[in-house]
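Q: Below is the structure I would like to discuss, written out as structure tokens.
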Amino acid sequence: MESGNSTRRFSSFFLLGFTENPQLHFLIFALFLSMYLVTVLGNLLIIMAIITQSHLHTPMYFFLANLSFVDICFTSTTIPKMLVNIYTQSKSITYEDCISQMCVFLVFAELGNFLLAVMAYDRYVAXCHPLCYTVIVNHRLCILLLLLSWVISIFHAFIQSLIVLQLTFCGDVKIPHFFCELNQLSQLTCSDNFPSHLIMNLVPVMLAAISFSGILYSYFKIVSSIHSISTVQGKYKAFSTCASHLSIVSLFYSTGLGVYVSSAVVQSSHSAASASVMYTVVTPMLNPFIYSLRNKDVKRALERLLEGNCKVHHWTG
């Protein structure tokens, strides 16, 4: 194919993955299959525990269940295709599948970003306005915030996809990654379109910065509120309600920042893929463990859920 041809002339891209050493493919396949199964099972357990336990039918756990759903979809966007490619010893992905994967990945990446900000607002109201919590964070507001997060995420992904569809690629269409990632596609293009590149690179950063600023403001107000509590026990109880969310926020944004910095600084062909593992695979896998270990209500609900399943299995057996 000649340099400068439109992307519509390409039938497929090639995902280079982590390594070209075939001896490591089985190890990578087994590792990522295990992490994927743990991610799906862990987040499904969180969702089932919240649905089946009536005392968890609160705004905080409503958003947590949605975050678990997003984590499952977020990981499912990339890992199954990578596992299929390793199993079939193929690195190709069709042009249409690549754009679709990028679009869906952006939707759930932004959804996770916005849900963390919404959960921070929920914690802010709970800690700073406890007497008005049920009035402010009502069912209608929860649905509205969730729908708003979906709409913005889908709109952003749709705009980015339209931009990519107009790009021109030159030379090899090899992506040094294990999935079709927006930044990698923007680096492959030879289109000299400054507005398009600005939108592709700046808008995701701006959306993340807006959400993160909201989280920082919420926790600034929470810390100020906790500081005014006179007893140590009261301070500990107030902080413990935010500990799990704060841990997930720290993990999500630190790994995301690590991916952004590594892709901008390190020039190794497989460095971006390796750095993305923490953000795209490890973080969704750890989220259920963070909430189940640090949150007594979730831990108790999971124990009841598992005990109930054991009893059902005993009676049916």
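A Cβ is built for glycine as well, from the same backbone N, Cα and C atoms used for every other residue.
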Q: Tell me if Ala273 and Lys299 end up on the same side of the membrane in Swiss-Prot.
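A: Each on a different face of the membrane, per the record.
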Q: Counting Cβ atoms within 10 Å across all protein chains shown, which of the disulfide-bonded residues Cys98, Cys190 comes out on top?
A: Cys98
Q: What does DSSP assign Cys190 (disulfide bond), in three states?
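A: It is coil.
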Q: With CB pairs under 8 Å as the measure, which of the listed stretches 27-51, 59-80, 102-121, 141-159, 198-220 comes out on top against the transmembrane segment (274-293)?
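A: Most contacts with the transmembrane segment (274-293): 27-51.
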Q: When DSSP states are folded down to helix, strand and coil, where does Cys98 (disulfide bond) land?
A: helix
Q: Compute the average pLDDT of the predicted model within the topological domain 'Extracellular' (262-273).
A: 60
Q: Need a quick answer: max count of Cβ pairs under 8 Å to the transmembrane segment (238-261), which of 59-80, 141-159, 198-220 is it?
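A: Stretch with maximum Cβ contacts: 198-220.
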Q: Residue list, the transmembrane segment (59-80) vs rest of chain: Cβ under 8 Å, 6 or more residues beyond ends.
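A: Answer is 32, 35-36, 39-40, 43-44, 46-47, 50-51, 101, 104-105, 108-109, 111-112, 115-116, 118-119, 122-123, 126, 137, 141-142, 146, 178-179, 248, 280-281, 283-285, 287-288, 291, 297-298.
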